[in-house]
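Peer 1: Questions regarding the structure given below will be posed in turn.
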Amino acid sequence: LLSYSLFGLLPTGFDPDETFVRSNIVSSTVLGCIRASIALYCFTTLVVCYSWLAHNTSTTNLRDFSIPTYTLQTGAAGIGQSFSFFTYLTFWSLGFYFLFASIHTFVHVTKARTWWLHIQQWPKPLQLLHTFYYTGVICFPFLVSIVFWGTMYSGPWPSGRFEQWINISVHGLNSLFALVEIVFPSTEPPLWPHLSILLLVLSLYLGLAYLTRYTGGFYVYEWMNPAHGRANIVLHILGYTIGIVAIFLLVSCLVWLRRCL
């Protein structure tokens, strides 16, 4: 039932058509450069963000359904706390994905046949994780952007240049980077079983968020606070579940459409 082929790892081997490192729009060299540039931007953003927070305080106005506007102030403590936020975990994941994807692409350009044979020698679980990683990269950033701008952002637009830039980077450009991976590579649409992995990741994150409350003494997102009502928590979980399913379907359609054009 839970075979490798069910999740996209075919008996012929991992990615026999080399779709992860090829593009029908640009050359593999250009694809590698695009990926490397995005990786550089992601890691530069994180380094600058943490360096700034180490000596300054960021102020952001947030809200949520049934929760009035509140002000979140983030300073040096926010550097460590960021590893409990889905937004920053997603952004870190984007950085590492594009870093390794660019390396894989450049190696493919220089040693195409050798590279393909090397990939086939990877342990099957690692090959499978590669496909899961891609599915997460083209889905989760959209969830982050939609949730932030649709339910959490509360004006006015921050006056500080840092707040403006970091919000655009982690809540806006993240989705643009995901779109790059939808449009440029020659990849196949993610398979239906991959949706179960996305839901599993969200479930595990929910546990991490409440573990953070236990160990760090704060709620990562205000809607997780039972003081606002347990029904509010359930509705948010249902909403995010429906959201990721809808995003998965839309992304799958976009990849399918790209392959048809």
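Including glycine, each Cβ sits where the backbone N, Cα and C put it.
Heads up, here are the entries from TrEMBL:
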{"type": "TRANSMEM", "residues": "32-53", "note": "transmembrane segment"}
{"type": "TRANSMEM", "residues": "91-110", "note": "transmembrane segment"}
{"type": "TRANSMEM", "residues": "131-153", "note": "transmembrane segment"}
{"type": "TRANSMEM", "residues": "165-184", "note": "transmembrane segment"}
{"type": "TRANSMEM", "residues": "191-213", "note": "transmembrane segment"}
{"type": "TRANSMEM", "residues": "233-257", "note": "transmembrane segment"}
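Give me the structural setting of these features: burial, nearby parts and distances.
Peer 2: A Cβ distance under 8 Å defines the sequence-distant neighbours of the transmembrane segment (131-153), meaning residues of its chain 6+ beyond its ends; these are 7-9, 20, 62-65, 86-87, 90, 93-94, 97, 170-172, 174-175, 177-178, 181-182, 187, 190, 194, 197-198, 201, 221, 240, 243-244, 247-248, 251, 255.
Remote same-chain residues near the transmembrane segment (165-184) are listed as 23, 25-26, 31, 34, 38, 41-42, 45, 49, 58, 60, 87-88, 90-91, 94, 98, 101, 134, 137-142, 144-145, 148-149, 153, 158, 251, 254-255, 258 (criterion: CB distance under 8 Å, separation of at least six residues from the stretch ends).
Outside the transmembrane segment (191-213), and at least 6 residues removed from its termini, the chain residues within Cβ reach (under 8 Å) are 6-8, 81, 84, 86, 89, 131-132, 135-136, 139-140, 219-221, 224, 237, 240-241, 244-245, 248.
Residues 65, 135, 138-140, 142-143, 146-147, 182, 187-190, 194-195, 198-199, 202, 206, 223-224, 226 of the same chain lie 6+ residues outside the transmembrane segment (233-257) yet bring a C-beta within less than 8 angstroms of a C-beta in it.
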